[in-house]
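Trainee: One structure, pasted below without further comment.
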């Protein structure tokens, strides 16, 4: 069960509201690198956690709950950045600020409106919504919860790595001290979350034990000739530039990397003809050889 | 530029066509763990690769090209599994096979049709399409290419880990020797791909060097008090079950994990009232205090 | 900020796991009538709440937080309903239960697998995911938060009305006493939520005060001749069957309903021709009159 | 069956074409508050209407048909607002109007192009398309038709309330007299539509009779202890600010609102371990206790 | 402006309701080959039609309006096919029909429920909704209206060709005489619609005049060396099997087809390094050469 | 199986990087008229091709493979157009170019940032991604592969016609000689692809033989009275403006076009009442006649 406290997890203040930065912050709310994604991802991993004990369920639950607080901070930041945004012609004419001026056709530079997410004006009443910085709604297919604990941990590290990259880009895009302070907190949390999901893999025995994912499949059933081969697809057989990925022992300690310029092992596939009454053209059916109009 | 060879990368044969297995294979084509995703993901990472040399672009390009061949194998497998699928009433009555029988209302068990993706019957003419096993089309928002090489490598490992988990589940779901042989190859390749993306991180100096992602951000700017703290959100302050994620040195070697039951550091947020002419109710505006109907 | 308690808000138990009911419960998680939708909807309404005080923000926050607990209950119910679901061929042969039998081609009726969401088998490891009962992921465009408090309350009533309708249908679809007990709780909460959102409208002065939404727009600016007219579009001018919607005083007390068989007031629209170099056919451009091949 | 008249339902004229306003009008076409949504929503409610007579089917049919005419008006308005929009470099250099000037890199301010929906230039040939003001296509999952008449009426009121809010915001965003005239008509129709859907509820006996939705479920089966309780989730048990929603008789006249700071009634959930061959890690399976690397 | 007649365009009757056929009919409503798509496609093409006169606008308008009537017929057919569908446990026990029996766990075969779209039970009250036969909602991005009249006509022919293919498959999938009669009408209309859109191209002067689309672009600006060459991409240079597409005069009469095994004309692309503070890894930046861990 | 060559199919060079043009080019990558669509469309048509020989499979395979190379060219062009794009505040202050200046609030015109796809800054590190020019990700439901060869060819012609229209608009939108050169190549290829898909229809015997699609359905089963009739839906029976589509022989040579102002042939539909326990209102059920509140 869940509870709330009216206060924010960390202070959110905006000194110079900026409607473009409000748009950019949306990526951290409803983007695929954003907080709704990790929040729901950790929750669904927790709620579906299977195992001999509930240990990793608890770890996931704490961080999932933390992420709700981050969405709240960012949604608050979006609303504050939209406080002075140009919304209507009516108010613009009455506005005192000569620097910003009227909204459309008036004194306030028109491009400020043009650069906004139009739904911040038309659909939300100057508030955040669960979409990204270009206005695409968040889609829950991005909630990765595979039922394989290590696979999920890698998905979580990936989410936090792209999430911290986004937070850094947002930090670099603003000069507002309040916004930079808020982002310095979120960046720190993304640091920890990268660390902690990797630590869960350690807790499970480390990379060697955990790989390949899933480690419960009997590797003798896989076509092991291909399990540690870097497959070259360059037309003329040129090898890939050598690196850790093409030589030396594999990360899981169970093989040795090698390069091979690959040639097809299969045949050209042949499907059966279309069946009668299947909605194909009659020329696709067995009895009707295709006439080559040139012949 | 790209080229093709008419032959398949690896043999694909189906001994006992099964329209339900055709449906399940769709997940490996158009699911988020599937091959279209990794194919496009590696291509977009390659095409956008920035760096002092083109080394990682080449690594990505080889594997992206390999993945097209995997989609081709799976699409072929779907079509072959649909070769005998019940398609029309007309043909079912004429069918010799008494075991399978008529399709709808006839001798062939109706549930076989019910269990199919209906678009295999109605929209594709008994062939694969770029959707998952429940019929949801693949959506390219799942192509992760962040411009951060290590972040992308983690996304790639996650994709291959969930991809191999899927391939193992498919292997376990069929008894067809041809399908198991094909999957034993794909499972082996997923083994290698997990290894090779982790090897790229090694090639870049290893986890300590690479973390936190992005490693180009000056960590003195982040709120370091929170960078290695496991944040507890249990209502009564109960600590998380201890583990690698809450004690000991961090994976990046730059901190020490610790647990803290967290209390709010911010205030209750206060947004400005709705502005005149903003489309809100007048009770939301500054001049119009809300009447409590009970008062 | 948010907190969790490890215990569920209300008991969830399943006596007879049913993989089809697991599929149906997904609608209450990730359907448009489901709990993720109302949870995020109330949160975004709360986080963006503007007004002279924070009163309605608090109301929304309590119920938003409650809804997380409902998602948790339902996700748990899905996982429990999948406990015995047929997952692999391997385990089916070893299974003792002769009633259920093998999965595919074996003793367990194949249609049980056919009726499942295939991603419950292939993608989640027998757990819930944020999609509906036909497998379509939840899409956050369904999170309605308009910035108009009364408009949002109607959206909330609509969500709870369709939500309770869904819960009733689920109640009627199962005979499991544990599931019926859980649903009797969720149905009761949907009763209250319908009541409380309507009560917020009362709290704001009631329907007459609040309508039309938004009540802050000067109605003298609207084309009032059409404000209370039921527009008939039947080709031959037949009036609609009379009812409250076509006669008597309007709900907002500001007009009188009447019926009118409507005739067009505008002209046939004429757009300018396509411009040179606009990518149209040259026949669409001003200088090139379309040749009627018959003339 | 359906018919058309070449003339528009109401005049549409644009005095000063504005490509940004064309973009904003898209929200009224393809946004979730827009006309495609209500048009299809009323049609599907009508086409699926079940009941002892066809009365409400007719009501819905008239208004659904009206809404097609509104989409037509708005699509015409978008095309007219794009009449002079900057489309190509070629034409901009030949353009006489020195105020607007060249398009990109030329005399016409580049930001005018930047603020447009790029598909108005690249994909539609300066015409409307079924997407919202940020370019996201309309998705028919927003067509609510639940089979419960009162639930649907609330969904319709919500649609018209957010629809009128949008129309008011558009009215306030333009100074074009033609556009304001068109919007004054659409705002009036939204007024009526809010009234008429509430009148249908009156026609069905009013709120007391209709609630809770669905009113056909035997309320003795719901957990009535929770049916009129405002559930508090504040961590420290603080009650919600009192209001109509927490005290006094309920809207349906069947209960009395009260507040309760809620405590969990359920236990911590326990799922079974992952099964062999289910694609999980072996540490998640029953026989393999997780090794805590720290122990 | 639009009008309705209460009667259907063509009779719709169902003798033997079939909930699986209700599911299949959804493809003709909300599938990409379905009627919502062509209805909106023709409307948006009409509403945006630019040209010296309104001739093609009228043609499109008539057929767009016809398509609404088709959606209505199909939605009615879905509802009628669901009349006897198993909806609840409660009613199944009271049902007289011993052949069909109870729904879940009872006498009616469970697989009938399993084969349904679950939203027909849970979300629509046994009625149609705007989604396809696997439950994916229709998405208006499939409404093709390019502003180029001939391009749009080809899109319309494609829509009617796949639409008639679908209708034929539905015809073949049912034995219900009422459904076959309805489909015989829809198939005939699809025949005409294929013919009429091709006739519009004739009306515009025919294929030679109209091609290549757009015919308003000065072909001397295109790289004409490549305009009629069939590009071979087979790795070993094997030519494509000869046919009309690789030899003889082109359809537009402006060139001669020929085959060429293609070799790259460009160089290996080189992008600039990642910039400081761009969120990339520092190894991707100019100053930090990548360390090869093997060196 | 597939192979790559490191070199581009055709040279891609950008003389004056333009971040708005980078945005516009995205439409040719991830728009519905773009290259990912045709690439996957031709591949899935090829992989599912059924017929007496593999001839058309080969044709499709060559062109599908060609299209990968086009995506690569366009992705490279996007990255090059973003080389100098404003990314961060930090670098803007250090930038020497006084014309461009600082990014936000600084010397570089702010509208340049406002006009960008924000994900080019925040999510991709200045590189292409599989979305359109307004940021909407490509969705694989646009991959048309119906199993009917002629239907698919029309879909392919439509794709290449709208694709060439887009390429022409892009050509007209830029003055960069490198970009115009690249587009002149892509336009030429779109010319050929239109020609070659129409040539496949010729190869199959031509339009008369191929129509109506599918030509394998026995036309005596369709309601032939309606097969060549232009259906008029104007309310007052006004005929459509005469043209090739309403008079003269049909394109398939099997009928004669004629016009008919259509009248309904069906009745008003009547659905059964809602069933008990179906979640409808009780007034919708058979036993409960609706009370008209006015009576």
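Just so you know, glycine gets a Cβ as well, placed from its N, Cα and C.
Predicted automatically and left uncurated, TrEMBL annotations should be read as such.
From TrEMBL, here are the annotated features:
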- C:35, C:67, C:70, C:160, C:193: Mn(2+) binding site (BINDING)
- C:58: Ca(2+) binding site (BINDING)
- C:263-295: region 'Disordered' (REGION)
Trainee: Counting only residues 6+ away in sequence within the same chain, which have a CB under 8 Å from the CB of residue C:67 (Mn(2+) binding site)?
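Mentor: Once residues fewer than 6 apart are set aside, residue C:67 (Mn(2+) binding site) is near C:35, C:38, C:39, C:42.
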Trainee: How many neighbouring Cβ atoms, not counting its own, are there within 10 Å of the Cβ of residue C:160 (Mn(2+) binding site)?
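Mentor: The Cβ of residue C:160 (Mn(2+) binding site) has 28 Cβ neighbours within 10 Å.
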Trainee: How big is the gap, in Å, between the Cα of residue C:58 (Ca(2+) binding site) and that of residue C:193 (Mn(2+) binding site), rounded to a whole number?
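Mentor: With the alpha carbons as reference points, the distance is 15 Å.
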Trainee: So which other residues, same chain and not among C:35, C:67, C:70, C:160, C:193, have a Cβ within 8 Å of the centroid of the Cβ atoms at the Mn(2+) site?
Mentor: C:38, C:39, C:63, C:66, C:159, C:163, C:186, C:189, C:190
Trainee: Ten-angstrom check, please: count other Cβ atoms within 10 Å of the Cβ of residue C:70 (Mn(2+) binding site), all chains counted.
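Mentor: 27, counting other Cβ atoms within 10 Å of residue C:70 (Mn(2+) binding site).
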Trainee: Between the binding-site residues C:35, C:58, where is the Cβ count within 10 Å the lowest?
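Mentor: Counting other Cβ atoms within 10 Å of each of the binding-site residues C:35, C:58 gives the minimum at C:58.
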Trainee: Need the DSSP three-state call for residue C:193 (Mn(2+) binding site) to compare against my parser.
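Mentor: Once the DSSP labels are grouped into three classes, residue C:193 (Mn(2+) binding site) ends up as helix.
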Trainee: Under 8 Å Cβ-Cβ to chain F, which of the binding-site residues C:58, C:67, C:70, C:160?
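Mentor: The binding-site residues close to chain F: there are none.
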Trainee: Can you check which residues sit near residue C:193 (Mn(2+) binding site), meaning Cβ under 8 Å from its Cβ, same chain, 6 or more apart in sequence, and list them in order?
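Mentor: The list for residue C:193 (Mn(2+) binding site) reads C:38, C:63, C:156, C:160, C:163, given in order along the sequence.
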Trainee: Write out which of the listed binding-site residues, namely C:35, C:58, C:67, C:70, C:193, lie with a C-beta under 8 A from a C-beta of chain D, sequence order kept, or 'none'.
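Mentor: Going by the Cβ criterion (under 8 Å to chain D), the qualifying binding-site residues are C:58.
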Trainee: Going by Cβ pairs closer than 8 Å, show me which of the binding-site residues C:35, C:70, C:160, C:193 neighbour chain A.
Mentor: none
